[in-house]
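All remarks here apply to the structure that follows.
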């Protein structure tokens, strides 16, 4: 089979889940995100009908309401999205055991060797789309290619409900004319650096001297050069999510946050969430990362490694605040905050504690975890969550997992 890799990308996934769950929403402009009553926050997803009005993911709810006054605004419900995603993965595994979830609404599948059972890769894609539509109730675009890179790019070429095949001979014709930002893995900062080298299209990147790219970007330059030619050697890995490298959480704020005091409230809330998930997995971690984005969504990410692994929110918070003070000026507004803990190990041993503080903290965490297990994640919160800067109580904890 020449092009055995498929990428299934659910269209307007969050909004589509709500439409699938509530038939009255079908055909209506559904907008998910923020606080519908107060008209603040950002759009996480928009249905096809809302997108037709100009609504885009990432814009403010207020902007979306102006573009689509008839829009139906809904709060996100991540538990439902996770459930739907799991159902879709189960359908994909009916065709092949080689399924790799890429995000909550995307997954790769390698159908090598499945031809005798299900037909060609295109025939499998048609059957997959039909089953997801009929059994789950959402539409998806499927990209088909010889590798994950081309399958991923193919999936984005025809939305919604598309089916596109990209093979190596298609790269010069269909891929090279595209802006370099369209190449998978190229973000805004990397795009700017490439433009400084007069690289504006993917074709420009493919034709650029490899040695210069390696001098400018190191190993990343080599990978970029390969990607621009449609080359990707990474396999579909069904076990990718089982090897937990880090656990993180991030929140897009409902407004600009100014000054350290406001930002530190959100950082503490995130540390609580992250460390709760770390403990649930039986882990402890050493490397704390803090990610911040400003109002233009230009981002900064910094990390620091501690001397010992921990699952304590207070210890992670202390390091995250140090990173904040060292790398983010107090006058600069913040619109998104993320915290993650990496360098994870199974939490079998505790650091030697001469004064019993670690043991007291461990018992406190265990007690809080038991309360949350029984009564829900937000049955007990830090007092700072009740201040104007707190976001978890109002949002019910709906934020993006890392």
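Including glycine, each Cβ sits where the backbone N, Cα and C put it.
Annotated domain 'UmuC' per Swiss-Prot: 5-187, in sequence order. As annotated by Swiss-Prot, Mg(2+) binding site applies to 9, 105. Annotated site 'Substrate discrimination' per Swiss-Prot: 14, in sequence order, evidence recorded as sequence analysis. The active site feature in Swiss-Prot is assigned to 106; the stated evidence is sequence analysis.
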Confidence summary (mean pLDDT) of the domain 'UmuC' (5-187): 93
In three-state DSSP terms, the structure that residue 106 (active site) belongs to: strand
Distance, residue 105 (Mg(2+) binding site) to residue 14 (site 'Substrate discrimination') (CA atoms, angstrom): 9
For residue 105 (Mg(2+) binding site), the number of other Cβ atoms found within 10 Å of its own Cβ: 22
Same-chain residues at least 6 apart in sequence whose Cβ lies under 8 Å from residue 106 (active site): 7, 8, 9, 10, 155
9, 14 as recorded positions, winner by CB count within 10 A: 14
Collapsed DSSP category at residue 9 (Mg(2+) binding site): strand
